[in-house]
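Chemist: I have a structure here, written as structure tokens, and I will follow up with some questions on it.
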Amino acid sequence: MGGVLLTATYPRWVVLIEPAEQFESAVRTYAVRTYGCQMNAHDSERLAGLLEDAGYSRAGDDAAKSGEADVVVLNTCAVRENADNRLYGNLGHLASVKARRPGMQIAVGGCLAQKDRDVILAKAPWVDVVFGTHNTHALPALLERSRVQAEAQVEVLEELEVFPSTLPQARESAASAWVSISVGCNNTCTFCIVPALRGKEKDRRPGDVLAEVEALVADGVVEVTLLGQNVNSYGTGVGGFGDALDDAARGRGNSAFADLLRAVGRVEGIERVRFTSPHPAMFTDDVITAMAETPTVMPQLHMPLQSGSDRVLRAMRRSYRSEKFLGILDRVRAAIPDAAISTDIIVGFPGETEEDFAETLRVVEASRFASAFTFQYSQRPGTPAATMPDQLPKAVVQERYERLIALQERISGEEAAFQVGRTVEVLVAEAKGKKDGASQRVSGRARDNRLVHVGLPEGMADTDRPRPGDLVTVQVTQSAPHHLVADVPAGEVLRVRRTRGGDAYDRRQLASCGVPGRSVGLGMPTLRRVPV
């Protein structure tokens, strides 16, 4: 076990004892709700995999949304203030659901649980399990222990115990998958609480990453996204690639991440490779070259700006300046002309002046981002920025935020309009558009990660319809700031390439029809599977 284990049991707020036979006679259902970043989305897939491996069955969509599952897991975020409000609002709703569902359990995990382990039970004593970011693997045992002992279980590790990607996972998509290459962060941005909750950076060995990608491809995955808090610092604390790279690659003196990107892109059967998120201070030209020279690495880059003001960047402890940032974008576009670049921006950092904000607008205009995730600064206890002087009034932050949104909406619309008339390859997703199920269309992502709604030809037979995981080649006919439309004219044939991703989707659909689940036994401290 790594680090310090903080564990406790709490008397139940209300104790409801159910006959043991009830738990042995039916499959227990679960629902996982995710808040926050891609790391949390991947963690939620692991939590789902752990629960299914322990005999639970995923609740239907309606039951999951209403909380009508036997186990509801809230995988939380701690980055912004409204994360707290969302958690306790959801817990308040679940209290009433639990009151009418004897035996229901509620678990809270993720970054907010790591930070506020005891506060959660004080505010919501009907919660059964609180677990941290470093011990997601313990969830099934904690649920079992809480149920049998009729006491809340709080277990938080201060250091990572099991690298998360060694755990089972139940992926949301049959064709696409997250692959963690590292966890934690060594940066000290003054606004960010993540390093305190996720710990120092720990990297996976490249052979383990490649083995996971190969296993995913064998399972039908055609697209992987490499995940890390700072992917381009990958290589700290891991050995060389050994046989994972050829001699030519090793001889170039590339960074470990550039080499990893090439190696993943060479895995037989992989169609698309993405990554997120890099850090501008450590983003090197060899990564750009690897992107340009590896056909399976997609022409898309998410590069967090945070602010266009050098003074604010210094206060944020972001070790780059605006001109360096713009230089990176210039070099990316020179090597990959069709690259779509997105970003993160914080408005209203303590001490931000109107002149500072004008610099942000200038850099955004020059950057021509395809899209941007924009945030109003949120004061987070435990971060240096929380105690800085000159915290800005809410009204000032809101007004600047609205100006930034308006600027980026215009730019996104203009950049999207350039796509009209172009031919794009779209990886079809599962119900990506709100109207997909009720209309003659499918949706998915182009190579540059733009969302594309594809209007299918009238009269297209169901047997010819592209499946999630298949690739279609279409011409863009319309654009909007946040999506493209590709309507296939009547009489034209839709170009569809059937892939192993589509085959995997078909297998998943077949497996979901009439396959009996497994139920949870009463063994302690582990779970046994009881045939139904």
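Cβ coordinates come from backbone N, Cα and C, glycine included.
Under the heading [4Fe-4S] cluster 1 binding site, TrEMBL lists C37, C77, C111. Per TrEMBL, [4Fe-4S] cluster 2 binding site is recorded for C185, C189, C192. Residues or ranges marked as domain 'MTTase N-terminal' by TrEMBL: 28-148. Annotation source TrEMBL lists domain 'Radical SAM core' at 171-414. Look at TrEMBL and you will find 417-490 tagged as domain 'TRAM'.
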Chemist: Applying the rule Cβ within 8 Å of the centroid of the Cβ atoms of C185, C189, C192, what extra residues of the same chain belong around the [4Fe-4S] cluster 2 site?
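Modeler: Same chain, not in C185, C189, C192, Cβ within 8 Å: N187, T188, F191, I193, V194, P195, Q229.
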Chemist: Does C189 ([4Fe-4S] cluster 2 binding site) have same-chain partners at least 6 apart in sequence with Cβ under 8 Å from its own Cβ, and which are they?
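Modeler: The answer is Q306, M316, R317, R318.
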Chemist: Including all protein chains shown, what's the count of other C-beta atoms within 10 A of the C-beta of C37 ([4Fe-4S] cluster 1 binding site)?
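Modeler: Total other Cβ atoms inside 10 Å, all chains included: 18.
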Chemist: How many Å lie between the Cα of C77 ([4Fe-4S] cluster 1 binding site) and the Cα of C192 ([4Fe-4S] cluster 2 binding site)?
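Modeler: Pair distance, Cα basis, whole Å: 12 Å.
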Chemist: Relative to the Cβ of C192 ([4Fe-4S] cluster 2 binding site), which residues of the same chain, six or more apart in sequence, are found under 8 Å away?
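Modeler: The answer is V79, C185, T383.
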Chemist: So what sits near C111 ([4Fe-4S] cluster 1 binding site) in its own chain, CB-to-CB under 8 Å and at least six residues off in sequence?
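Modeler: In sequence order, the residues whose Cβ lies under 8 Å from that of C111 ([4Fe-4S] cluster 1 binding site) (at least 6 apart) are G36, N40, T76, C77, A78, V79, T133, I193, V194, L197, R198.
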Chemist: Let me check the 10 A CB neighbour count of C185 ([4Fe-4S] cluster 2 binding site). How many other CB atoms are there?
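Modeler: Counting Cβ neighbours of C185 ([4Fe-4S] cluster 2 binding site) within 10 Å gives 21.
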Chemist: For the domain 'MTTase N-terminal' (28-148), what's the model's average pLDDT?
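Modeler: A mean pLDDT of 89 is what the model gives the domain 'MTTase N-terminal' (28-148).
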Chemist: Excluding C37, C77, C111, which residues of the same chain place their Cβ within 8 Å of the centroid of the Cβ atoms of the recorded [4Fe-4S] cluster 1 site?
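Modeler: Result: Y35, G36, M39, N40, T76, A78, V79, A83, G110, L112, V194.
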Chemist: Quick one: give me the count of other CB atoms within 10 A of the CB of C77 ([4Fe-4S] cluster 1 binding site).
Modeler: 21
Chemist: Sort C189 ([4Fe-4S] cluster 2 binding site) into helix, strand or coil using the DSSP assignment.
Modeler: coil
Chemist: Which numbers of helix, strand and coil residues does DSSP report for the domain 'TRAM' (417-490)?
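Modeler: Secondary-structure composition of the domain 'TRAM' (417-490): 7 helix, 30 strand, 37 coil.
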